[in-house]
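First comes the structure, then the notes that go with it.
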């Protein structure tokens, strides 16, 4: 029984070795630039980090398909280099001797790319899936909608214009009233004048209706014509 079990394990290991190799079908190459991304805080790539990568890929596959039963053991790594690059494949959990199509693995990675990057404190530029193009981060939406900002600016301009027109109208009306008052005062001064002759003030002269000097009127009555 033990021999059968060991034989089975060896067959599976050989099969896995054939599945995970450079440029194999459904295999993906990964490059990590940990030192570039983190500098002095860079961590070493070891068996624990490999386990975390396998766990993240299993998580991505399970999240991509709710019916998926992918386990950590289904994620195979090979050709790991010191500069942190390697190849990986995801095997079918039901057969364990065939790999999941690359299109499904790619879709799962794209769906969970931010989660994968966050797990290793990296970005699309420092954690590269060679056959998978970098995903663009979703655009940051402002807390206030753009249309509301534009509406507020337009409304402020309209209110400012209304206030300007009202103030300008009030000032113009005041100027007209002031000119009209000055004109009326000037006309009154012109209609009624007071003159002084020989130090004696004369009566006011009404320029419109005219005025008869009483001295000359008395003389006219005294010297009545025949």
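In case you wondered, yes, glycine gets a Cβ from its N, Cα and C as well.
The domain 'Collectrin-like' annotation in TrEMBL covers 24-226. Summarising model confidence by region, the domain 'Collectrin-like' (24-226) averages a pLDDT of 81.
Taken from TrEMBL, the feature signal peptide covers 1-17.
Feature annotation from TrEMBL assigns transmembrane segment to 146-170. Sequence-distant neighbours of the transmembrane segment (146-170) (same chain, 6+ residues past either end, Cβ-Cβ under 8 Å): none.
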